[in-house]
Amino acid sequence: MESTLGAGIAMAEALQNQLPWLENVWLWVTFLGDPKSLFLFYFPAAYYASRRVGIAVLWISLITEWLNLVFKWFLFGDRPFWWVHESGYYSQAPAQVHQFPSSCETGPGSPSGHCMITGAALWPIMTAVSSQMATRAHSRWVRVIPSLAYCTFLLAVGLSRVFLLAHFPHQVLAGLITGAVLGWLMTPQVPMERELSFYGLTSLALLLGASLIYWTLFTLGLDLSWSINLASKWCERPEWVHLDSRPFASLSRDSGAALGLGIALHSPCYAQVRRAHLGYGQKLVCLVLAMGLLGPLNWLGYPPQISLFYIFNFLKYTLWPCLVLALVPWLVHMFSAQEAPPIRSS
């Protein structure tokens, strides 16, 4: 295993030193492959293009992120940015590698969350675009473009994670395979407009299930804060260690989004726009308005106390689906209805 990890460091060193002009590209790719970007960009864009696909993206994101958290607790994967110090690799073969603000994530490293969660959540988008192109394009090469774009993007995300010293190549590969399999399995099974209690119980099950696993492992003598301690110890700058990279931050996000999805689907605003037909221009306005609201909400400051941070994160992502599914379309629909000229009866 040591040789495999050493080869991963060598690969990161090659990416950083042989292709330094690609640094900004890798930073952008890892940002676009971040699970938080699924909530901020891909979910709203997919929803306003297709209601079914948008809900699938959100649902698969929150379930897969929860599974990724549990997998990481059991697999205990090191991250390159601390392993090079803890293992003594530097003293044996000094590597010319350096960290970035995105390197210092505090959870275990295996499997890669960027690859697993994003790969699963983008699967319904890829399959929807593929089916559309299959009905309109006669060329076989044109029909495979969505699949090629999906694979190319995820490969780039994986390389960016190696470049940043956030993951080893085998962790990236595990995330890519697991994400694709989960996306394939879950896309046909996404619940659409179930009763509110279903989403409330899902949110509760995510919280209680992860907490039960955590305390069971803790009772058995496993210290699940080991990765937080190592990240804090070996990160070059303390300000690069962010609260929102902690394992329970993703749990609060997922449980909040599950509850928010149920609230949105059963809100009066959603009931009014559910049967309404929004034109392409209205959908574009919805997307712009949603991004204008979600952006500031995403970049709000966090409470310094860890418990308050988790509560704040839960409430923020509960509000997220309510804005995208209900409030924004309702506002656009209401203003469009007011501006429409009255129909004169003959």
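Cβ from N, Cα, C; glycine included.
When the topology recorded in Swiss-Prot is consulted, W83 and H277 turn out to be separated by the membrane. Cβ packing within 10 Å was compared across the recorded positions R79, H167, and the lowest neighbour count falls to R79.
With a cut-off of 8 Å on Cβ pairs spaced 6 or more residues apart, the transmembrane segment (255-273) and the transmembrane segment (55-75) reach 3 or more such pairs and are scored as touching.
Under 8 Å from some Cβ of the topological domain 'Cytoplasmic' (187-197) lie the Cβ atoms of residues 52, 55-56, 59-60, 123-124, 127, 262-263, 265-266, all in the same chain and six or more residues away from its ends. Remote same-chain partners of the topological domain 'Lumenal' (219-254), defined as residues 6 or more beyond its termini with a Cβ less than 8 Å from a stretch Cβ, comprise 35-36, 39, 61-63, 65-66, 68-69, 72-73, 76, 78-79, 81-82, 85-86, 98-101, 103-109, 113, 206-207, 210, 302, 306, 309-311, 313-314, 317.
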